[in-house]
Amino acid sequence: VISASSRSIWTRTEAIDDRRSMRGCVSNNETLSMVDASNYHGYDTDFDWDRRFFIPFIRNFCLYYKFIPLLLGIIMNWLIIFKSPSYSNEYRRSLAFYHIAEFVFDIHHFILFVPYPIFPHPIFLCFGLLCELGGPPNLTVILTVVSAVFTAISNFLLIFIRMRTIVPKDSRFRLTMRQSVIIMGSMFAFYLVNILTFSLFTRDSENKTEILKRSEFAWVNEAPGALVFGEMFELGPLNIPIGWLSFCVIYGFIMFPGIIIYTAVSLAKEKTRIVHVKKTKDNATKMLMIQLFGAVFTYISPLFVFFATLKFGMPTSNPNFHSSIRFFWMFLFLNNSMVCYSIHLVMNRSYQK
């Protein structure tokens, strides 16, 4: 009877274990112990492709390629200030602000930070100048958020001003100054809160030393700096800034198309009154639309993927696929400014003399 009871308890225990939630797919790495495997929720810890191919490529890419976007950034701002059409100084100033924000973004990511995440494991590697000089890794992530926020704000401001500019001043659909201040002010406030939340809650885990002593992460100590948020899916206070950032991303996805649709509807209803509006050679509206889609693909999408994998993991068990995903989105993120510069130079006919 005792034996049968023991077997019954053991069977129920196995059933409970079999039903435990798995945030990822089952690992193929047989070197992990049962304890380690449960710590990583079934994810493999093979970073072979990252270490052999992708991290060296990103480091060399930032080291040698950085001069191209930085030089283009200087040329772009010179062209905007001195060679752009002067029909709208308000739009020209917002365009210059946007490209200055992109230039600062490049300085940070190509020189100061040189990041490489190994998500869904909550670890950020830093190979930039700040980490080589002994700066705290959490500072690089905070500065990333600062540059990202001002780039997003400048992009929003640019779109808003352009859409407001092309609507006739005497149109009843044109937003008043008060309405403009409310819309832009609320957006600025929402995005600036990201700087505060990441500054307060972005820090190394208390278990960082223990985590980096594990054989699967020992190689991380070779990097000049590393920010370790903690164990997988146990982000603690970091959930607060990630949650607020998610809200801002959703807000941006609603607000950007909303402004464009509102402007398009306004112009359609006022079409008889804008027939004689002077056409310019800068292709400004079309160029801005393409830049917006480029920014979504190379800027907003990588940020979303980075933090979504921290929270929800990857959809596959293949570690090489994980490495490829990390590299692909990191490469797009670093080339965000080049997309904007290239589109502006190719499409703006006022520069093509």
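Positions of Cβ are set from backbone N, Cα and C atoms, glycine also.
Among the features that TrEMBL reports, transmembrane segment is placed at 63-83, 139-161, 181-201, 242-267, 288-307, 327-347.
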Query: Between 63-83, 139-161, 181-201, 242-267, who has the most Cβ pairs under 8 Å to the transmembrane segment (288-307)?
result: 242-267
- request: Using Cβ atoms only, state whether the transmembrane segment (327-347) and the transmembrane segment (181-201) have three or more pairs under 8 Å that are 6 or more apart in sequence.
  value: no
